[in-house]
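Noted in TrEMBL for the protein shown:
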{"type": "TRANSMEM", "residues": "B:6-26", "note": "transmembrane segment"}
{"type": "TRANSMEM", "residues": "B:79-97", "note": "transmembrane segment"}
{"type": "TRANSMEM", "residues": "B:124-152", "note": "transmembrane segment"}
{"type": "TRANSMEM", "residues": "B:158-176", "note": "transmembrane segment"}
{"type": "TRANSMEM", "residues": "B:188-207", "note": "transmembrane segment"}
{"type": "TRANSMEM", "residues": "B:247-269", "note": "transmembrane segment"}
{"type": "TRANSMEM", "residues": "B:281-306", "note": "transmembrane segment"}
{"type": "TRANSMEM", "residues": "B:329-362", "note": "transmembrane segment"}
{"type": "TRANSMEM", "residues": "B:383-402", "note": "transmembrane segment"}
{"type": "TRANSMEM", "residues": "B:408-430", "note": "transmembrane segment"}
{"type": "TRANSMEM", "residues": "B:442-462", "note": "transmembrane segment"}
{"type": "TRANSMEM", "residues": "B:482-500", "note": "transmembrane segment"}
Amino acid sequence: MTKAMRSPGEAHHEYRETRGFASFDDPEALSYVDSDGNPNFALIQQTDEFRVLRRRLTTFIFPMTALFLASYLTFVLLSAYAKDFVSTKVIGVINLGILLGLGQFVTSIIITLGYARYAKRRLDPQRKLLAEMTGVEE
Amino acid sequence: MPTTGNPVLNLSVFAVFVLITLYVVYRFSSRNTTASDYYAAGSSFTGAQNGVALSGDFLSAASFLGISGGIAAHGYDGFLYSVGWVVAWLVGLLLIAEGLRNTGRFTVGDVLAFRMRQRPVRAAAANATLVISFFYMIAQMAGAGGLIALLLNVSSKWGQALLIALVGMVMVLYVLLGGMKGTTWVQIIKAVLLLLCVTMMSIFLLGKFGFSLSAIMQQATENNKLGEAVLDPGAKYGFSAMSKLDFVSLALSLVLGIASLPHVLMRFYTVPNASEARRSVVWATWTMVIFYLCTLVIGFGAMALVGTDKIAAAPGGENSAAPLLAFEIGGAVLLGIVSAVAFATILAVVAGLTLAASASFAHDVYANVIKRGNAEPRREIRVARLTAVVVGILSIIGGIAANGQNVAFLVSLALALAASANLSTILYTIFWRRFNTTGTLWSIYGGLGSCLVLIIFSPVMSGARTSIFPDVDFAWFPLGNPGLVSIPFSFLCGFLATIFSKREPEMDAKAAEMEVRAISGIGART
């Protein structure tokens, strides 16, 4: 959870001058939604809630991507350049390479389920919070 | 080669299936009134339904016929395809699905042009989509031709060409009638049938060999001229330094290309929101894992029971492994069923592809570039249907030219193109604020162009016995798959073109909107 929860009012004062998103009639009634009912994206982008969401998302997906690509490329490169090693028979005629390949299936399942779980616990609640705070229908 | 099964029986199983699916398509077509219905099925599918349809898009002829055939012919090297196909889903899940769903409406162009100058980027995205879909369609058409040739035991090149043309026309008919909703239902039906089919065959095979994969592989080695070496890497690749690089290049294209294919990307629009998009990828991952485990069993099973030499000699070549195995274990009836399912598979995938290509032309080029966003929706759909016909005809011609090549290999070329043109651009546009119109155009055209050039001058096109044009030799690029070069090249193009061109401050508002929408889903189309 974020420590620095800001009320929408404070955020407006901070960004009104520099960003120029004030409405014509009543600056105090300014909100995350403009008079046409469209979300004020530039303002939302600056909130702590959005930054937290962004950070939580990227700190999961980029390292995970690096991880599965590394594991896949290891399998591929071993198959191409360490033929004798992956040809080692393990169970009957099933060799290490086939098992490493099947291992990729397992890591794929683990990462998929891990992400689904992470998204449910860490991303979706934050999205909901952000939607409530900005008053924008998700 | 004796006739495989009874052509009359084979054909009647076929006809029944085609009629059933045509009926389904027809029933859902009555609701195809708006552009959103036609392109994205009104975003009305649930994550689970869409997940099955999504895997349906990928459990294609290439997967079923090509990969099991690849394993039956080359053992370990064919298995690489199975692994690549599964792992590739993670790219879709982690990097692409949700952001795309939140920022686009119908096509890849919607996302790529979101915060860029509309017309050039949409035109570029549409060009890329058309080229990629065309290559992918060629593979499906070649697969269909081989399959029907096997069923009807047609071995003359002209006869097969005629069959490809007929099959192609039936497929275009599906799209014209059904739009996305009809296509999605065909995908769902077909994916379920295909999964049942491969699971049953695998369980049967395993049962026959005492539930030991090792025993199947043991017998497989006795029916392959390489013997036990076929279980090791290198049966197809790996004899020289260059072919090892080719193997790596193929692997890279597989893992990065699959989730960049336009018709797969478009699939993320048929769900109501991003969490359903995520759910559909999770579903798809499960069905994929089961399916590709089965291809391993079926591939080695075909090698064990049918034998590599017999497969290579059959009409359709390597692509005939699974149907031949079906005939071997279940006679004419199982062959009929497996072929019908395989045919439906091709049908559904081609329908999805044609739809992606026609949507991209009608929505991006016609409605947004030519008509500058003021196209009448009904006319837009008409243009989409017309494009479907043109794309269909072109790919029939291409399919006839590529007849006899392993379809999984042909698909890998489409994947290299997709990864080169789309992946870099999508990732930059979602995650890199500085990215601009110039960068977008460079990464699309740089990736697409370099990839096309390298394919044209590769051994796939000319200079080798297995080339599409074996009698001439203009090949100077040594790799069969260009991904290793063209994918990094497109990332580099996009990066350099962006940092050496002006920022686009007028696009800041759109950029903010895109980032907020992609990540939080706020303001996304519901």
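Backbone N, Cα and C atoms are what each Cβ position is placed from, and that goes for glycine too.
No curator has checked TrEMBL annotations; they are predicted automatically.
Against the transmembrane segment (B:124-152), stretch B:329-362 has more CB pairs under 8 A than any other of B:158-176, B:281-306, B:329-362. Touching of the transmembrane segment (B:158-176) and the transmembrane segment (B:329-362) is concluded from the presence of at least three CB pairs under 8 A, sequence neighbours closer than 6 excluded.
The listed stretches are B:188-207, B:247-269, B:383-402, B:482-500; of these, B:188-207 has the most Cβ pairs under 8 Å to the transmembrane segment (B:281-306). By the Cβ criterion (under 8 Å, sequence separation of 6 or more), the transmembrane segment (B:482-500) is not in contact with the transmembrane segment (B:79-97), since fewer than 3 such pairs are found.
The list of residues near the transmembrane segment (B:408-430) in space but at least 6 beyond its ends in sequence, with Cβ under 8 angstroms from a Cβ of it, reads 60, 62-63, 65-67, 69-70, 78, 81, 91, 95-96, 99-100, 103, 108, 111-112, 114-116, 128, 131-133, 135-136, 138-139, 142, 249-250, 252-254, 256-262, 265, 402, 439-440, 443-444, 447-448, 450-452, 455, 460, 480-483, 486-487, 489-491, 493-495, 498, 514-515, 518.
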